[in-house]
Structures are given as C-alpha cells and as structure tokens.
Amino acid sequence: MLILASRRACRSFARVDVITRASSSALASSSASACASVDEERSSRSSSTSFGNTRSRRAPSLDLWTTSNGARSFASSAVEPERKESRELDGSSGRAQSPASVSSDAPAPEAERTWVDEIVPALAVPYAKLIRLDRPIGTALLAWPCFWSIALAAEVGAPPDARLLGLFGVGSFLLRGAGCTINDLWDRDIDAKVARTRNRPIASGAVSVPMAVAFLGAQLALGLGVLVQLNDYSKILGASSLALVAAYPAMKRVTNWPQAFLGLTFNWGALLGWAAVHGSCDWGAVLPLYASGVAWTLVYDTIYAHQDKHDDAKVGVKSTALHFGADTKKYLSAFALAGTSALCASGAYVGLDYPFYLGVGAAASHLAWQISTVDLNDRDDCAAKFRSNSTYGALVFAGIVAGKVF
C-alpha cells in the first residue's frame with residue numbers, strides 16, 4: 001500500500017506545471033521520497049525478472065525553470081521513449097508535423113548570438129537583425145543578376161562599369177533590408193508561430209510596428225538616393241520594382257508558387273543593369289537573362305522553403321516545397337535546365353565567346369550538385385545549399401566577364 005501511494009504521488013506531481021515558490025520545497029522533497037520508493041521497488045522487481053520480459057518506464061522528471069522576474073518554479077514532464085512518434089513531413093501524403101513538436105525541436109536562428117551582437121550597439125541590434133545584416137546571402141542573391149546585366153551590357157573587350165557595380169551593390173543591400181522589413185511586417189503573426197522565425201525582431205516584439213515602419217521609410221529614402229544617380233529610364237524601371245517588393249509577402253497566402261513571384265522580384269536587376277548602362281533595354285538580351293534568374297530563384301528558394309515545410313503546413317502558408325512534395329527534385333532539375341538554357345540564349349544573342357559557356361557549364365554543375373545532394377528533410381543541409389548559391393552567381397558573372405574581355 002505504501003508503494004502504491006508513492007507511485008500515485010509521483011503521477012500527481014507530474015501533472016503540476018507550475019507551483020508556487022512557497023510550497024515548491026516541500027512538494028519537491030515529498031516527491032523525491034516517493035520516487036525513491038518507486039525506484040527501490042523497480043530495482044527489486046528487475047532483479048527477479050529477466051530483462052527480455054521487462055519493459056522499463058522512465059520516472060517523471062522535474063525541470064527547473066526561471067521566470068522573467070527571476071522567480072524559480074518547478075515544471076515536470078513524463079517521458080515514455082516507447083511512445084515516441086515520427087514528426088517528419090511525408091512528402092507524398094503531406095502530413096504535417098505535430099504542433100507540439102515545432103517550437104521545441106526546430107532552431108530559432110534569430111535568437112542566436114552572432115557578430116552583430118558583439119559589434120553593433122545594443123540599441124541597434126534588433127534593427128541590424130531585422131535587415132539580416134548577419135546573413136549577407138540575401139544581398140548577394142539580389143545583387144548577382146544586377147552584376148550579370150551590367151557585365152552583359154559592357155562593350156566588347158571591356159570590363160563592367162565599376163561605378164555601376166558599386167551603386168547596384170549598395171542598392172541591393174538597401175533594397176534587401178527594406179524587403180525583409182516589409183516581409184516581417186506582413187508576416188509578424190505567422191512568424192510568431194513558426195519555429196525558425198519566432199524570434200525575429202518584429203514577431204518577438206523587440207521592434208515595434210511603428211518603429212519598423214519608420215525604419216522602412218529611412219531605408220527607402222537611402223535607396224532613392226542610389227536610384228536618382230541613374231538615368232531617367234532606369235529611375236522609372238527601378239521604382240516600378242517596389243510594387244513587386246510590397247506584394248511578395250502576400251503571395252504565400254494566395255498561391256502555391258510564391259517562389260516564382262520572388263524570382264520576378266529578386267531578378268529585376270537583370271533588366272535594370274542593362275538599362276543603367278544603355279538608357280534602355282534590349283529585350284533580346286535581358287529577357288532570357290531575367291528568365292534564367294527566375295528559374296534559378298525557383299531552385300534555391302524551394303530548397304530554402306523545405307526548412308519550414310512542417311510549420312508552413314500547420315499555419316496554412318503555401319510554398320513550392322509543399323506543392324512539389326516528394327517530386328521536388330524533379331521540378332528543381334527542370335528549373336535548372338530551363339535557367340541554363342535561357343542563360344546560354346542571352347549570351348548567344350550578344351555574341352559572347354567560349355569562356356562564357358565554360359562559366360555557365362561550371363554554374364550548371366554547381367546547381368546539379370545542389371539538387372542531387374541536398375537532403376530536403378534536413379534543415380541544416382537545406383540552409384547550407386541555399387547559401388552556396390552565391391557561388392553560382394559568381395560563376396555566371398565570371399563567365400560573362402570572361403566572354404566579354406577575352
């Protein structure tokens with residue numbers, strides 16, 4: 001009877017999530033005594049029973065946690081390893097990860113300390129993380145199509161215009177930051193429910209909505225300072241891209257292809273770079289270049305979206321990762337082939353020589369490596385493959401420059 005009572009006491013205590021500080025010591029003491037009795041009884045039973053016929057259960061464990069005001073309380077959880085369930089998303093059936101597992105298992109990168117926390121003044125850290133200052137890959141992905149276009153528009157035998165490369169580099173940084181701010185304003189309620197994004201500055205409350213809007217205004221004003229240094233045709237063409245930037249966050253709510261819309265937005269520089277050099281667009285050159293960039297974005301952003309597919313399915317966000325499911329790699333291969341073909345068509349139109357095609361071949365090989373080796377159920381691997389796309393952009397740029405100069 002004493003052992004039975006002890007076991008009941010343990011189970012009762014395991015259902016208590018938070019107890020008051022005044023009674024925590026007494027309860028912890030009595031529970032520890034009771035659990036010790038259970039352990040003693042289990043030990044004696046296991047000595048008289050063969051291991052092959054015994055199923056062990058782990059005793060409820062106590063976890064100490066601290067509230068924001070420094071007070072300490074006890075919480076508990078019962079763990080039964082034999083009841084562990086798989087929470088992976090089945091690509092063919094579309095079954096989503098259970099809600100309970102999302103916040104506990106998935107990482108929250110924005111909560112991690114980076115070089116921004118060490119170098120940037122404390123008051124500015126949330127704003128630096130809002131524009132992803134510690135994650136420059138987004139700026140690179142936005143800048144590369146601009147650089148391709150500027151290089152493609154250069155005179156035969158000449159390198160790309162260094163001044164324009166610098167202006168477009170700064171503009172890409174500012175526009176990417178503004179895009180992140182707009183996206184986080186749109187998605188602040190969704191971000192709070194997604195494990196990977198729940199600690200973003202707006203979703204977590206580190207940056208208020210009014211302050212984020214004011215910060216966005218400052219970024220757009222600086223971006224305008226870059227735009228006004230271009231010719232009139234480029235000013236109009238560049239300003240028109242803001243409609244795409246503003247509309248993109250809504251696409252994940254209305255279509256299974258938000259990555260395609262992102263491609264239209266992120267590769268606008270493929271049109272703008274040529275216009276900045278010549279004052280107009282030669283559509284035979286820039287449209288295939290633009291199309292190749294859109295296809296490239298479909299590859300890298302679908303891989304990126306696989307990081308969040310469990311949470312996206314739970315909160316109702318759409319993506320090509322969920323839409324393609326188990327057939328993702330087939331689609332990615334088709335996009336890579338289409339993008340490479342369009343890139344070759346653009347180079348052929350302007351008469352680029354064989355070094356260009358060597359660069360395109362190297363870039364295509366890089367895409368093939370990404371697609372063939374990525375583990376779409378591994379967040380870390382998806383993130384690594386996504387970041388590697390800066391190498392793809394550099395290979396294409398090098399090929400265009402070589403095809404012009406040599």
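Backbone N, Cα and C define each Cβ position, glycine as well.
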Transmembrane segment per TrEMBL - which of 164-186, 233-255, 348-370: 164-186
Per Cβ pairs under 8 Å, the stretch of 137-158, 164-186, 260-277, 283-300 packing most closely against the transmembrane segment (207-227): 164-186
Residues from the same chain, set at least six apart from the ends of the transmembrane segment (137-158), whose C-beta lies under 8 A from its own: 164-165, 168-169, 171-173, 175-176, 180, 266-274, 276-278, 285-286, 289-290, 293, 297, 300, 346-347, 350-352, 386-387, 389-390, 393-394, 396-397, 400-401, 404-405
